[in-house]
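What TrEMBL annotates here:
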ACT_SITE  Cys541  active site, nucleophile
ACT_SITE  Cys541  active site
BINDING   Gln414, Glu464, Asp513  S-adenosyl-L-methionine binding site
DOMAIN    65-140  domain 'RRM'
REGION    137-169  region 'Disordered'
Amino acid sequence: MPDPECEEKIPIANTMEELKPEPNMLTEEREARKDNSELNIERADIVEEKNPYAYLERDFSSENYKIEIKNLPKYYGISEFRKLLNEKLKLNSNKIKTTRKNSPFAFVCFRNEEDRDKAIQVLSNYKWKGNELQAMKAKPAPDPLVKKRKEDADGSNTNKKLKVEEGSQEERLKNSTIPYWNIDYKKQLELKLEDIKEVLRKMGNNLAHGNPELQKWIEKQRSLHNGLPCELQDIKFSEVIEGYRNKCEFTVGIDEDTGLPTVGFRLGSYVNGTTGVGPVDDLVHIPQSMKTAVKLFQDYVRNSQLRVFSPEFHTGHFRQLMVRSASDQLMLVVGLHPQDLNAEELDAFKKDLIDYFSTGGGKEAKVTSLYYQKIVKKNRSNDFIPSEHLWGETHLYETVLGLKFRISPEAFFQINTKGAEILYQAAIDLAEPLEGSTVLDVCCGTGTIGLCFAKKCSQVLGIEVVPQAIVDAKENAQSNDVQNADFFAGKAEDILGNICFKATGKEIIAIVDPPRAGLQKKAIFQIRKINKISKMVYVSCNPTAALQNFSDFGKPESKKVSGEPFIPVKAVAVDMFPFTKHCELILCFERWDKLSKQLEESKDS
């Protein structure tokens, strides 16, 4: 399903790799446009595949070289498992698939028969964490789209996960992108606040169970805060609840109702047997400027001689459109699979795209920045190809809390600008930095949070694993004349200690704003190890997923974990995503040794 909070990705079949490109459709006679009736005829002429294993015969698929590994240990992580296979055992696995977390078995795919057979030999009877592994060949998975089509045809589809949601296309799209679309906003806030309270209750239980020394503290806090392990402030939100998104990634596909090429959001995922795309006209969280740009680009696609990309056959060209907005600026990034277009034909397409949005029919969109992105493989970080600037400005510029930030096509920036101001101010209020404090901005991105703290402290030190983001962060500091901030590229777990030696403040306050998956354990334990960090503010866009991080910060000291635990003392929820179920949570943690003294003092009094 499309994720309304983060960037919408193109779901591609897990079981399919790159297939043969279709013949080139671009000619020099670009005036020979197709009208809607021709498009419908072209759509009807596509032969639907009926064999769920036919994809195995189309070029390469690692499903042909899949093994099953049984008797995996009770507790393990996928990244840990991947390191075992590829780094320690040098087995060159292509992908790993499990049915659930800590599953006792897993499927692993390879790129060729030799690698597969070597893996079976090495892993059979190999001992990992006390378990003797078993490895054997496994059957390839059927194409979920073709499988569902076949089951629908013969009436054998009893799998609820593969059944398409009932209701009109408009309702299905709203339910998948903005599930709270028909709920009063006040009620939405109540539902989200209750979800946050449930997360905090679970966190309290986990901390008390994982560290018995905390039990009395947790009990006291529960008695003070209506059963919660820390103070929870009133939920914060922006008055702008419609048209708030400043970035969306739209899929180019086929509208199931009309059969026409459409730019919008997926109605479901390929793995669940759905490839249809619905229009965005009735989605309230998307601003009108984006809707206008989407419609004009859709006109361009429908009149182009290039076809829409097919996730089933991996043919066609148009794949996605990313739109970013800031104030009166609009950036478009057109994602295309070039297939067998030669350099001359691709240049002709780019020129035509520029003409369309600068002086042609797309001028109404008022695009200020136009990019082209080559999208060939799946959405994996190692397959990423930077966008190519075609026309207009290279960046957008947005203002948050009086600071001006430069936004590149790939840069992370909060998707709700008004909400971001409230979020960052709430983080500052919760952290309560002193003038002599050093703020350590972990996962700093382009420096937005750290720079917003800069006026409230003596020094800001930012850490980010993406080098280009650090370049942007330094540019943002310079353009805003912020003299007390510096930014460093690298993994937090690797460079955190060295960076903290640069701290000039009497205390260090760590600000952690990680991706949805949260922080790596090594980074958490490194933060705990540095005693000079007395306070930590954790900004989570997925509080449920961050529960394990919260527990790791509160674990008792051991051979593997050094440094006093961090314990939550204050929390605030910020609704950045109206009409969705998502809500940000900011938690302020302090060291246990400080809090335990308070507990003892309260006993004496």
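Backbone N, Cα and C define each Cβ position, glycine as well.
All annotation found in TrEMBL is predicted automatically rather than curated by experts.
Keep in mind that what you see is a predicted model, and the values were worked out from it rather than measured.
Between the C-alpha atoms of Cys541 (active site, nucleophile) and Gln414 (S-adenosyl-L-methionine binding site), the distance comes to 10 Å.
All chains included, 22 other C-beta atoms sit within 10 angstroms of the C-beta of Gln414 (S-adenosyl-L-methionine binding site). Summarising the environment of Glu464 (S-adenosyl-L-methionine binding site), the number of other Cβ atoms within 10 Å of its Cβ, over all protein chains shown, is 25. The Cβ centroid of Gln414, Glu464, Asp513 marks the S-adenosyl-L-methionine site; residues of that chain outside this set whose Cβ lies within 8 Å of it are Phe412, Cys443, Cys444, Gly445, Thr446, Thr448, Ile449, Val539, given in sequence order. Break the domain 'RRM' (65-140) down by DSSP state and the numbers are 23 helix, 20 strand, 33 coil. Confidence annotation: the domain 'RRM' (65-140) carries a mean pLDDT of 90 in the model. Long-range Cβ contacts of Asp513 (S-adenosyl-L-methionine binding site) within its own chain (separation 6+, distance under 8 Å): Asp441, Val442, Cys443, Cys444, Gly445, Ile449, Val539.
Residue environment of Cys541 (active site, nucleophile) contains 23 other Cβ atoms, counted within 10 Å of its Cβ in all protein chains. Of all residue pairs in the S-adenosyl-L-methionine-binding list (Gln414, Glu464, Asp513), the one with the greatest Cα separation is 16 Å apart.
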